[in-house]
Amino acid sequence: MTMLWLAVLLTCGAPAALLPTSGVGCPARCDPSSCSPAPTNCQSGETALRCGCCSVCAAAENERCGEGPEDPLCASGLRCVRNGGVTRCQCPSNQPVCGSDGKTYSSLCRLQAESKAVQGRGVAAIIPIQRGDCQQGQKDPDSPRYKYNFIADVVEKIAPAVVHIELFRILPFFKREVPAASGSGFIVSEDGLILTNAHVVTNKHRLKVERSDGSTYDAQIIDVDEKADIALIKIKAKGKLPVLLLGRSEELRPGEFVVAIGSPFSLQNTVTTGIVSTAQRGGKELGLRNSDMDYIQTDAIINYGNSGGPLVNLDGEVVGINTLKVTAGISFAIPSDKIRKFMAESHNRQSTGQGTKKKKYLGIRMMSLSQGKLKELKEQVKDFPENTSGAYIVEVLPDTPAEEAGLKEGDIIISISGKTVTSSSEVSEAIKKEGTLQMVIRRGNEDIPISVTPKEIEF
């Protein structure tokens, strides 16, 4: 018995102690004839006396329970606990719980007691459906959900500074605006400077920016670096805006967690996560011969419309701009070190008042088919054509010469004006130098001739 009491004390702690359910003072034999009449309408149900002989109404929560042979036991689910010299029935859990009747109960035991009572009146049983208050739920800082949901912590921190960008064009015949495309961006200054991809804002008449709180603004293009695919736009807002700061992409490690956030298909703050495959995927590996930039490769999904959104580390710092999805599990981001350089150069350009530039624009995003990239694509894409070279079209932007000519995502440009294409840089040069381009593209196992004329636009 001494060991039993010691175990009880160690389990429950002082000064409270669980009482034994049987023991000293009980008769050797039960004599039912000595029991009082069986109880009826017990709100907490029936139970036997501590000696297990006569039936009595069970003690409800906070009611006194027995130390002696003639004292009642607690109702099912309750424990008889001595605390400060008084023994009462207590619920093992004192956390509130929400019932199926929409009411909040102080404990699960209280809900169960009420359920028994209403069932006795022919009403449906009340079941627990949620921990905590019906209106607020339960917030437990020590639960795994709060302790280990680091991705949610990052998203909560950065989401207010991520914006949705909607792009409009004018229909010449009807003389009215229609939505043309959408993308993402993030605020980098309290007075409204926003970073995004250059291809997001190219060839559009008007930009509308929507913040996570639903407020909308017209935006103005401030600066564009087409080669780096970075653009700076600006909105005019009242008051200071939340901003995101740049991290150092050079410090990224393969295997590090990253979070991509944006607004694909106009869905605000869509979040994907992944790891860094490499922080230094050279542009030349992607077939961008004129590129001196190393891209961040990640398996975080970057969908259409996610372009221009931030890729952040677990500290909530921007380590890249989401820019390119080749296929599932292979996406690329412009590193923050390149963004930092663009911002400095843009500041200098604005200070010196450099004017706008003109360029030819086709409306595709592409990459060269190196041997390594061919192998990756054949593993990822079913029925990938048996090509050894060419420019692989990753994306065709809406309302562009490329779309109007019939180019599609997944097409491979294999020749222009009769000359074999071996890299995306050759296509870029042809766009700059030639007028109408006579292309042959491979779609599946079919070679298709397509004629497309680039459009000249201002930046």
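Positions of Cβ are set from backbone N, Cα and C atoms, glycine also.
As annotated by Swiss-Prot, disulfide bond applies to Cys26-Cys51, Cys30-Cys53, Cys35-Cys54, Cys42-Cys57, Cys65-Cys80, Cys74-Cys89, Cys91-Cys109, Cys98-Cys134. What Swiss-Prot lists as domain 'IGFBP N-terminal' is 22-92. Residues or ranges marked as domain 'Kazal-like' by Swiss-Prot: 74-136. What Swiss-Prot lists as region 'Serine protease' is 183-343. Annotation comment: Swiss-Prot describes 1-18 as signal peptide.
Within 10 Å of the Cβ of Cys30 (disulfide bond) there are 15 other Cβ atoms, across all protein chains. Listed disulfide-bonded residues: Cys35, Cys54, Cys65, Cys80, Cys89. The one with the lowest count of other Cβ atoms within 10 Å of its Cβ is Cys35. Look at the domain 'Kazal-like' (74-136): DSSP puts its residues at 13 helix, 21 strand, 29 coil.
Within 10 Å of Cys89 (disulfide bond), counting C-alpha to C-alpha distances, fall the following of the disulfide-bonded residues Cys30, Cys54, Cys80: Cys80. When the disulfide-bonded residues Cys42, Cys54, Cys74, Cys80, Cys134 are ranked by how far their Cα is from the Cα of Cys30 (disulfide bond), Cys54 comes first. Cα-Cα distance from Cys53 (disulfide bond) to Cys98 (disulfide bond): 36 Å (rounded to the nearest whole number).
When Cβ neighbours within 10 Å are tallied across all protein chains shown, the highest count among the disulfide-bonded residues Cys53, Cys91, Cys109, Cys134 belongs to Cys109. Under the DSSP three-state reduction, Cys57 (disulfide bond) is assigned to strand. Only Cys57, Cys65, Cys80, from the disulfide-bonded residues Cys57, Cys65, Cys80, Cys109, Cys134, place their Cα within 10 Å of the Cα belonging to Cys74 (disulfide bond). Cys30 (disulfide bond) falls outside any helix or strand according to DSSP and counts as coil. Of all the Cβ atoms in the protein chains shown, 18 others lie within 10 Å of the Cβ of Cys42 (disulfide bond).
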